[in-house]
Amino acid sequence: MTDKIAVLLGGTSAEREVSLNSGAAVLAGLREGGIDAYPVDPKEVDVTQLKSMGFQKVFIALHGRGGEDGTLQGMLELMGLPYTGSGVMASALSMDKLRSKLLWQGAGLPVAPWVALTRAEFEKGLSDKQLAEISALGLPVIVKPSREGSSVGMSKVVAENALQDALRLAFQHDEEVLIEKWLSGPEFTVAILGEEILPSIRIQPSGTFYDYEAKYLSDETQYFCPAGLEASQEANLQALVLKAWTTLGCKGWGRIDVMLDSDGQFYLLEANTSPGMTSHSLVPMAARQAG
């Protein structure tokens with residue numbers, strides 16, 4: 001008898017709709033492979049009862065908080081249910097852009113300069129030191145919640161008088177916000193599957209940056225795999241991604257997003273331990289290219 005697999009999808013995060021699509025694709029693939037798999041939406045079902053419902057293993061197709069931030073992983077470990085993807089700590093670190101950047105920086109890996117702010121600091125009013133640090137980043141900057149995915153709450157700020165509104169938007173989604181120096185080159189994403197680093201994908205967004213609309217709503221965003229890098233650049237990028245992945249302690253499968261700045265340097269953006277898995281998602285695209 002085969003194991004009964006729960007495919008967790010949907011959930012309550014800001015990425016619910018994306019997760020529903022990912023989960024449906026995963027479910028279809030598992031069933032096509034003869035796996036006894038069933039959809040389970042934590043918004044509708046008490047996932048603490050997975051064992052009593054007869055499930056032996058869990059495929060996590062949830063995105064965002066409550067699904068890929070370590071909380072669900074910790075619960076599943078307490079329940080003794082094996083699950084896909086990274087463990088508790090790696091999931092939590094990868095979901096937290098600030099902590100992952102600090103770890104990468106400590107490991108000597110390249111990250112864009114940034115300033116981190118808390119909601120309390122913002123509401124109190126920024127100090128002269130903080131204002132000077134932000135000013136030193138120059139313009140444009142990217143403002144993003146530290147613990148949110150799919151570019152939710154993210155803004156590109158090109159004028160100083162737009163910064164406050166961008167911060168207010170980001171603080172609607174998290175207690176901590178990052179203000180990052182704008183990197184002008186193309187964006188790449190590199191998928192990891194087990195021990196294998198898959199071919200990189202170059203992203204050409206429909207707008208000025210790869211925001212939620214460019215990711216999920218626009219038909220004009222383009223993806224290139226192979227990415228068009230020279231062999232030496234591709235090798236350097238894959239080596240960087242492997243170091244970033246292992247520094248966070250990730251395993252199983254996932255994705256690292258990277259920018260190539262005008263100086264020819266790759267900079268790490270963020271890790272994704274539960275990336276989208278629809279037919280149009282980037283991990284399946286890279287896997288097809290890898291054969």
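Numbering starts at 1 and runs along the chain as it is shown here.
Cβ from N, Cα, C; glycine included.
Lifted from TrEMBL, the feature list:
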{"type": "ACT_SITE", "residues": "Glu15", "note": "active site"}
{"type": "DOMAIN", "residues": "101-291", "note": "domain 'ATP-grasp'"}
{"type": "ACT_SITE", "residues": "Ser150", "note": "active site"}
{"type": "BINDING", "residues": "Asp257, Glu270", "note": "Mg(2+) 1 binding site"}
{"type": "BINDING", "residues": "Glu270, Asn272", "note": "Mg(2+) 2 binding site"}
{"type": "ACT_SITE", "residues": "Ser281", "note": "active site"}
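Annotation note: Asp257 (Mg(2+) 1 binding site) sits in a strand segment as assigned by DSSP. For the domain 'ATP-grasp' (101-291), the model gives a mean pLDDT of 90.
Taking every protein chain shown into account, Glu15, Asp257, Glu270 are the recorded positions, and of these the Cβ with the most other Cβ atoms within 10 Å belongs to Glu15. Rounded to a whole value, the Cα-Cα separation of Glu270 (Mg(2+) 1 binding site) and Glu15 (active site) is 16 Å. A Cα-Cα distance of 14 Å separates Glu15 (active site) from Ser281 (active site).
Cβ crowding, taken as the number of other Cβ atoms within 10 Å, peaks at Asn272 among the recorded positions Asn272, Ser281.
Rounded to the nearest whole angstrom, the C-alpha distance between Ser281 (active site) and Asn272 (Mg(2+) 2 binding site) is 13.
According to DSSP, Glu15 (active site) is assigned to coil rather than to any helix or strand.
Under DSSP, Ser281 (active site) is assigned to coil, being neither helix nor strand in the three-state scheme.
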